[in-house]
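Scroll down for the structure; my scribbles are underneath it.
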Amino acid sequence: MSTQDSAKITTVEHRRNIYLVGLMGAGKTTVGRQLARRLSRPFFDTDHEIVERTGVPIPTIFEIEGEEGFRRREAQTIYDLTAENNIVLATGGGVVINPENRRRLHDTGWVVYLNVSPVLLYERTRHDRNRPLLRVEDPLAKLEELHSIRDPLYREVAHIVVDGSHLVASGIVQYLLREFNRL
């Protein structure tokens, strides 16, 4: 990408942020890092930020504070990071549960929904022990349930929806760069 293209994306829409939403394992962090690098923007990941702020892993937060405590921390992190300019942010999969998070994301940046089938998400996450919501007897059923609940919320907040089931991260980044230049 040329410097001119990067400058165009940077200045359009008054220096809007780019937020990636989707279920765990959708590729938000991988795509976000590559996109930030291509646009010369800082990259943040809400889960990483929460771990940095608390000094403990996400599963520990879930064990001590429950999902409700984690969601409060996530909402504060979203509030803080959406005040930044020109960042790329990979959000946690449940960020859209909170209506205020959805409003802040939609109003302060371009929201990209990486939609991936629950079966593929299961393949990507089945060996990952840092996913508290998947510590259940049937993780695939849990992913299907989460997808059915959250998909409408992701679509509500998204400016761009990408089917991430059939594209590698670099292909998604190329697609997004073209889309941002059309906005």
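Every residue gets a Cβ built from N, Cα and C, even glycine.
Listed in sequence order, the residues of the same chain lying 6 or more apart from T30 (ATP binding site) and placing their CB within less than 8 Å of its CB are A169. Sequence annotations record features per position, and here Swiss-Prot assigns ATP binding site to G25, A26, G27, K28, T29, T30, R131 based on sequence analysis.
For T29 (ATP binding site), the same-chain residues lying six or more positions away in sequence with a CB closer than 8 A to its CB are D45, A90. If you look up Swiss-Prot, you'll see T29 marked as Mg(2+) binding site, on the strength of sequence analysis.
Swiss-Prot lists D47, R71, G93, R150 with the feature substrate binding site, giving sequence analysis as the kind of evidence. Following the DSSP three-state reduction, the secondary structure of D47 (substrate binding site) is helix.
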Cβ neighbours within the same chain of R71 (substrate binding site) - under 8 Å, at least six residues apart: G94, I97, N98
For G27 (ATP binding site), the one of D47, G93, R150 that lies nearest, given that the binding-site residues are compared by Cα: G93
Number of Cβ atoms other than its own within 10 Å, given for G25 (ATP binding site): 23
Rounded distance in angstrom between the Cα atoms of K28 (ATP binding site) and D47 (substrate binding site): 11
Nearest recorded site to G25 (ATP binding site) by CA-CA distance, among binding-site residues D47, G93, R150: G93
